[in-house]
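A.B. asks: The structure follows.
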Amino acid sequence: MLPYIALILVCWSVLSQAAQTDVEGRADKRRPIWIMGHMVNAIAQIDEFVNLGANSIETDVSFDDNANPEYTYHGIPCDCGRSCLKWENFNDFLKGLRSATTPGNAKYQAKLILVVFDLKTGSLYDNQANEAGKKLAKNLLKHYWNNGNNGGRAYIVLSIPDLNHYPLIKGFKDQLTQDGHPELMDKVGHDFSGNDAIGDVGNAYKKAGISGHVWQSDGITNCLLRGLDRVKQATANRDSANGFINKVYYWTVDKRATTRDALDAGVDGVMTNYPDVITDVLNESAYKNKFRVASYEDNPWETFKK
């Protein structure tokens, strides 16, 4: 009889600990933060930035004259202290990214949960934006999502620099629907990265028929200084009852003082060349009880409620 009682007590203890852990996890009121590794354009850089503490990356995407996504390439000029010329063929990068974000793959990085594609649509005419979205969707579906069969699990943000290129969003969505995978739009978010007036950004989303899954970026190269006025406008919109923004991120943040300022302004993400710097600040006594590094269980389209 005693062995059975002992077994029951052990099981009860394990279940109690699990329940307590679950409650503590759900009770965590700290703001989740996405640490975005900046300008990750070579496959080898994926591991490099994740190992430094990034849980998300930003990748540049250039287009050819026919609106096909061609390379993961930034070019000169770029951030101070960085090599501007690293690149991959876009589809090769997608395959490498898929390996890094597919559970069970030998190259899987569990911490990598979100990818921002900085779409260099400045080389395109306005009337090519819809076609660019369609071609981007086809490439992602085949080479990243593996045609919907156990592809990469990371959330994707399509970051567009020009408000006039909002038809890219519709083209992307229409192509996924046409190819039989509209459910993948659940994994896709949006950003306009041109530092336009917040009201103008909202109007562009209305034209695109988008409500939800909205990240709002603000920033400038690390070679220059930029204040946080527009960041505060974006966070005010996010926190208002009728705002259209779900998350706000600031770029490029490489210094501890700038990181603290951004966190104090209430951002959800910080784009950086030095993820370890951001991690260090998050561990400081003034911030570790207010913020935490986001995990895959954190919905990147959900507005954080204090």
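Here the Cβ of each residue, glycine as well, is placed from N, Cα and C on the backbone.
Source: prediction; values computed, not measured.
Annotation comment: Swiss-Prot describes H38 as active site, evidence class similarity to another entry. Positions annotated as active site, nucleophile by Swiss-Prot, on the basis of similarity to another entry: H74. Taken from Swiss-Prot, the feature Mg(2+) binding site covers E58, D60, D118, and the record attributes it to similarity to another entry. The disulfide bond feature in Swiss-Prot is assigned to C78-C84, C80-C223. Among the features that Swiss-Prot reports, N-linked glycosylation site is placed at N283. According to Swiss-Prot, the feature signal peptide maps to 1-18.
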A.B. asks: Let me know how many other Cβ atoms fall within 10 Å of the Cβ of D60 (Mg(2+) binding site).
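C.D. replies: I count 23 other Cβ atoms within 10 Å of it.
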A.B. asks: Please report the three-state DSSP label of the residue listed as 'active site'.
C.D. replies: coil
A.B. asks: For C78 (disulfide bond), which DSSP three-state class applies?
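C.D. replies: In the DSSP reduction, C78 (disulfide bond) maps to coil.
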A.B. asks: Can you tell me the CA-to-CA distance separating D60 (Mg(2+) binding site) and C223 (disulfide bond), as a whole number of Å?
C.D. replies: 18
A.B. asks: Specify the secondary structure state of D60 (Mg(2+) binding site) as given by DSSP, simplified to three classes.
C.D. replies: strand
A.B. asks: Of C78, C84, C223, the disulfide-bonded residues given in the record, which has the fewest other CB atoms within 10 A of its CB?
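C.D. replies: C223, out of the disulfide-bonded residues C78, C84, C223, has the fewest neighbouring Cβ atoms within 10 Å.
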A.B. asks: Starting from the Cβ centroid of E58, D60, D118, which together make up the recorded Mg(2+) site, report each further residue of the same chain whose Cβ lies within 8 Å of that point, ordered by sequence.
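C.D. replies: The answer, listed by sequence position, is H38, M39, V40, N41, T59, V61, H74, V116, F117, S159.
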